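Structure record follows, encoded as structure tokens.
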Amino acid sequence: MAKLDFDRSKPHVNIGTIGHVDHGKTTLTAAIATVLAKKGLAEARDYASIDNAPEEKARGITINTSHIEYQTEKRHYAHVDCPGHADYVKNMITGAAQMDGAILVVAATDGPMPQTREHILLARQVGVPKIVVFLNKIDMFKDDEREEMVGLVEMDVRSLLSEYGFDGDNAPIIAGSALKALQGDPEYEKGILELMDAVDTYIEEPKRETDKPFLMAVEDVFTITGRGTVATGRVERGVLQLNEEVEIVGLKPTKKTVVTGIEMFRKNLKEAQAGDNAGLLLRGIDRSEVERGQVLAKPKTIVPHTQFEATVYVLKKEEGGRHTPFFHNYKPQFYFRTTDVTGGIEFKPGREMVVPGDNVELTVTLIAPIAIEEGTKFSIREGGRTVGAGSVTKILK
């Protein structure tokens with residue numbers, strides 16, 4: 001079958017399904033694609049094609065993820081669904097699939113379960129802004145008890161969302177049956193369309209990366225005789241015009257400079273923007289004053305820090321991680337953007353050790369200041385291999 005041409009004039013939004021194992025995340029993902037396919041807005045998908053998720057690597061970690069795309073009348077969506085619970089944890093912490101919003105799937109027959117809670121907490125920690133809820137499997141109730149049971153589960157879900165800092169009072173909650181919709185039952189197909197209307201209106205369009213303040217991590221530095229020092233790297237966000245000021249942040253005291261040349265693939269440019277691999281010529285900066293691991297950023301938009309709280313996933317032995325637990329004062333390398341910095345780890349009170357496979361909250365103290373902010377992603381490495389992945393949740397100093 002020919003691939004659909006997606007209409008790029010529609011705003012693009014990244015979403016994903018989250019929730020407890022067997023509550024119907026993958027069935028719902030298939031149902032959304034299948035129902036929208038009837039309007040010519042998606043390719044119909046069956047459960048197996050989504051469940052059989054390909055392996056991906058992000059920050060040295062293997063993750064199984066299914067990506068599907070579809071449209072509504074208003075938007076173009078990229079939707080991520082993970083087969084296993086550990087895949088969700090890894091995916092969200094590494095930022096492999098950024099989510100602008102999530103659809104939380106809760107089986108109305110069970111109500112919220114342990115992973116429901118864990119996924120909501122993870123969504124909060126990694127900065128997913130909005131959650132829409134789908135109460136699944138309502139076809140399992142007898143007609144006369146359905147309304148009451150759905151109402152009870154809805155109350156539980158709202159209080160759980162509020163507990164973790166989401167807007168439990170106003171989050172849209174749609175009840176339905178993903179399986180019945182996937183099988184083509186018109187009554188239940190309506191529920192899927194209602195869900196997508198809620199996603200269209202409640203989940204906000206993300207700010208484009210180009211609208212954010214300029215930031216580029218330095219990968220390499222060299223000197224051009226007679227012209228000066230050039231720093232190269234990939235622009236993470238924002239736009240930089242020729243002759244604008246930037247700050248060199250991290251590892252050393254922050255310095256200001258002016259970008260007097262922007263080069264990409266040996267061509268001179270007037271600006272560099274998010275996604276570009278660029279070389280920036282820095283006025284009055286000596287080769288020794290800028291190094292890999294620093295960032296070039298719009299002045300006063302990012303500051304170097306040495307201490308922060310983070311949520312971290314520690315790889316299992318089978319994933320290439322450590323074979324043994326680690327304890328207080330473990331001092332691995334923290335890999336931010338383009339460089340490793342040694343840091344010490346402290347646990348939350350009451351925890352003695354961290355075992356491979358754990359998802360844990362830690363306090364980290366780096367030996368050198370690095371340009372970081374809430375939401376910055378990092379890997380934890382030991383002897384050059386990745387043993388964990390994390391996301392900064394709170395800056396301490």
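Keep in mind that glycine also has a Cβ here, set from the backbone N, Cα and C atoms.
Range 19-26 is the one annotated as region 'G1', of 19-26, 203-210, 315-322 (source: Swiss-Prot). For the ranges 60-64, 180-184, 230-234, 325-329, the feature annotated in Swiss-Prot as region 'G2' maps to 60-64.
Range 136-139 is the one annotated as region 'G4', of 56-59, 136-139, 188-191, 384-387 (source: Swiss-Prot). Within the listed segments 69-72, 81-84, 241-244, 341-344, Swiss-Prot records region 'G3' for the stretch 81-84. Highest Cβ count within 10 Å among the binding-site residues Lys25, His85: Lys25. Shown are the binding-site residues Cys82, Ile138; of these, the residue with the fewest other Cβ atoms within 10 Å is Ile138.
By number of Cβ pairs under 8 Å, the region 'G4' (136-139) is matched best by 19-26 from the list 19-26, 60-64, 81-84. Residues of the same chain lying 6 or more positions beyond the ends of the region 'G2' (60-64) and with a Cβ under 8 Å from any Cβ of it are 53-54, 82-84, 87, 90-91, 94, 96, 313, 315, 319-320, 379, 381, 385-386, 389. Comparing Cys82 (GTP binding site) with Thr26 (Mg(2+) binding site), their Cα atoms are 8 Å apart once rounded.
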